[in-house]
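Engineer: According to TrEMBL, the protein carries these features:
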type     : residues : note
DOMAIN   : 60-519   : domain 'Major facilitator superfamily (MFS) profile'
TRANSMEM : 135-153  : transmembrane segment
TRANSMEM : 165-184  : transmembrane segment
TRANSMEM : 190-210  : transmembrane segment
TRANSMEM : 222-245  : transmembrane segment
TRANSMEM : 251-270  : transmembrane segment
TRANSMEM : 350-367  : transmembrane segment
TRANSMEM : 379-400  : transmembrane segment
TRANSMEM : 407-428  : transmembrane segment
TRANSMEM : 434-457  : transmembrane segment
């Protein structure tokens, strides 16, 4: 297994205690043997010279992670837009407000509270025999997310980059969200929600990778875990926005405007990932960002220190290569999901990550639907559900660097599974109903920690050149789980809890086969990962 960053100069190009080499007389000089610039990987440069999480990283992290709130707006808006509004009798025969639904009532004897524009259900009569259409909208949205995660995962690793892909998905979200408010019929609405899901699927993974790649290895775990606070905060804010804008058409506009504000007020102040520049052969741009990070954090990056890919740093440390200049443009290195599958190391990791993300998503979204469907105030319920997840993020972040990724991934899933199994054994009457509700809350508490952890864990399992492609595949698996979750919930009774418990148990078992990534380097290339893991 590879050593921790900076602990092995042969593996990583430098050590934390290594003395600084004499800087070159000027950038770009050609050096001879024994006097070439010091070649270091991104992790070592952050640790030794730039700072792992200083002012620059904090500002960049906060600005980039705001995109998670945008994803929450576009994902959870369906809870309010597609809600089943209340109804009331308008006089005459054939109407009894004691009825649980309107299916048996005489037409014209009742009306929707808030009018037909209060939700899509009231707008197009999606009740009784048409109720399945509400579930179809949700399923197709997550289907779009699944496709978008794969497409933008590849684009962010290749041509568009992390920042370019994030900009693209935010533009599409703003356009599709506003167009959805103008949908004249259900079919158009269904199509627009699908394409919105397509663009939304790339928001989280692009934002996550862009926010965490410039962070040093010892701070990356906590930083990665903290991104989900922005998602939960977005859900909480959406509750307030939905309360202010009760009309579903106005709500779609109001939830799309933040994407426009993000593009205008935030994106110009976000930097591209230096790791992406490095693997694309753009050495000048990569070094420029690293110097900016060092200066903003109050450090100095000597001219004699040069950025290199992990496999190049390994070769230079072993004396196999003469390093020219850090400013020389190098050939771009690209990768795809095919490269992930070809490598025995990453292939196994990918299959395990896909399985864990799928089972985790079934439990997370399934339990979320159970909590939201409680017969309470919808706005308050969604708000409390979002707030309840935050302690799980905090606890997981605190324990992340103490116990490692692997034990937490196993423990949080099995914690959730235990309470899901308990919920499947309780009834739904009297005190048993309260116990089942508590089991559901504790189940989602544990799985929220897992869902958060999986992003940072999955990102650390794969090198920069294919990181977003692999993360996109894992996200696609999670979206498949999200599509399946509502159908499990429909079965009712204790059976959904039993399914969630089994998924949590299986997910924990799969996680036990993953390697630990705590204090391991964030590799840049497939070669660097293979050499580092076999060292």
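Going from the start of the chain as shown, residues are counted 1 onward.
Every residue gets a Cβ built from N, Cα and C, even glycine.
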Engineer: Average the per-residue pLDDT over the domain 'Major facilitator superfamily (MFS) profile' (60-519) and send me the rounded value.
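Structural biologist: That region's mean pLDDT is 82.
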Engineer: Ranking 135-153, 165-184, 190-210, 251-270, 379-400 by Cβ pairs under 8 Å to the transmembrane segment (222-245), which is first?
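Structural biologist: It is 379-400 that shares the most Cβ pairs under 8 Å with the transmembrane segment (222-245).
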Engineer: Would you mind listing the long-range same-chain contacts of the transmembrane segment (379-400), meaning Cβ under 8 Å and 6+ residues beyond its ends?
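Structural biologist: That would be 76, 79-80, 221-222, 225-226, 228-229, 232-233, 235-236, 238-240, 242-243, 368, 371-372, 408, 412, 441, 444-446, 448-449, 452-453, 456, 518.
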Engineer: As a test: from 165-184, 190-210, 251-270, pick the stretch that has the greatest number of Cβ pairs under 8 Å with the transmembrane segment (135-153).
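Structural biologist: Stretch with maximum Cβ contacts: 190-210.
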Engineer: Sequence-remote contacts (6 or more beyond its ends) of the transmembrane segment (190-210), Cβ cut-off under 8 Å?
Structural biologist: 64-65, 67-68, 70-71, 74-75, 78, 133, 136-137, 140-153, 155-156, 162-163, 165-166, 168-170, 172-173, 176-177, 179-180, 183, 224, 227, 231, 270, 272-273, 455, 459, 467-468, 471-472, 475-476, 479
